[in-house]
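As given in Swiss-Prot:
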- 8, 11, 91, 149, 152: ATP binding site (BINDING)
- 8, 11, 91, 149, 152: CTP binding site (BINDING)
- 21, 23: Mg(2+) binding site (BINDING)
- 238-339: domain 'HD' (DOMAIN)
């Protein structure tokens, strides 16, 4: 029995990056041999075991073959005769197909990888040095999820290029309809992970380069080539703007719901009639409608969906909020449900800041709307609603009239706060 550290742990070690997750493969062993050493079997679809102390996963060496279209089934074969080279061959990219032999530390009951004796049959170290994302074998085409995974790695390793032969294979897979059969949950999973990388725009560059974005997110694909007013958008192209917004969200460390909102905030611009360009009147409502379609199709979690909907509808109003009257500000806060969900409102404002700064030449420009609206929200929240309601009832008011009294009290609080700190 031989044990190797494999995959991302080896790759990241060679790149000098922090190694968080350790993956191990066991060659020449049976399930019985591992359980006899205290390993706990947990694999449902193939033999995977947890180390009795570290709880890290150890998988028996295996081969895989696709048995259905669109990542709906794989035939797995795991046996002692499966070699390390065969196991590495099933992996997606050469940079993920490097193994480090592990030697047991008998005193600790652990395994220590030897990075001076790497096993690299498919040139992963060469591609790491050349900064190339390359498929290992033609088995890449058997799993269309690998297109999404490669695009995600393009976002993580932004200075890597895609090998021409790999891009050609991805094109063939898309042309053959392989991505059309992908399970929606898996598409969302990879999309979400890619959005959280350091350069999410590179994921969409990769998906566009192979034609996959048109199949997975046509609402996003159609934004390229759509003109915007150069006065407000010097980058002009809506697709370019969208990518700048996403990268700004990554730069500001935004959470996933904010990044998804950034992705979808301008979808409606893709349906603006050509004869009215570069104006996009009413694109906010069109964006919200298209967003609903995307969320239903990909089964997007409610937290992401709800923030994206508010951002799509209200980002223009938030940008212009410095011109609003106190009453208009309170109405905006009410539409954003800011009184019930102030933390979500803060995320909505962050998405709007990413939108404003995701423009050519505006990357370093302050966004005063964000701190100002948070200040005005705090002022409106300071209203003692119970006291106002009691006063309204004492004056003979009931039902919606009580809400109107509370609304007016909040307007007055915003008026006073705005007077103390006027909009810049």
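Just so you know, glycine gets a Cβ as well, placed from its N, Cα and C.
Apart from the site residues 8, 11, 91, 149, 152, the chain places the Cβ of 7, 92, 93, 95, 96, 153 no farther than 8 Å from the centroid of the site's Cβ atoms, the recorded ATP location. Cα of residue 11 (ATP binding site) to Cα of residue 21 (Mg(2+) binding site): a span of 11 Å. Neighbour density for residue 11 (ATP binding site): within 10 A of its CB lie 22 other CB atoms from the protein chains shown. Looking at 91, 149, 152, the binding-site residues in this record, the fewest other C-beta atoms within 10 angstroms of the C-beta turn up around 149. DSSP gives residue 23 (Mg(2+) binding site) a strand state.
Maximum intra-site Cα distance, ATP binding residues 8, 11, 91, 149, 152: 15 Å. Just so you know, of the binding-site residues 21, 23, the Cβ with the fewest other Cβ atoms around it within 10 Å is the one at 21.
Among the binding-site residues 8, 91, 149, 152, the ones whose Cα sits within 10 Å of the Cα of residue 21 (Mg(2+) binding site) are 8. Around the Cβ of residue 8 (ATP binding site), the same chain contributes 21, 23, 96, each under 8 angstroms and 6 or more positions distant in sequence.
Each residue in the domain 'HD' (238-339) has a pLDDT score, and their mean in this model is 96.
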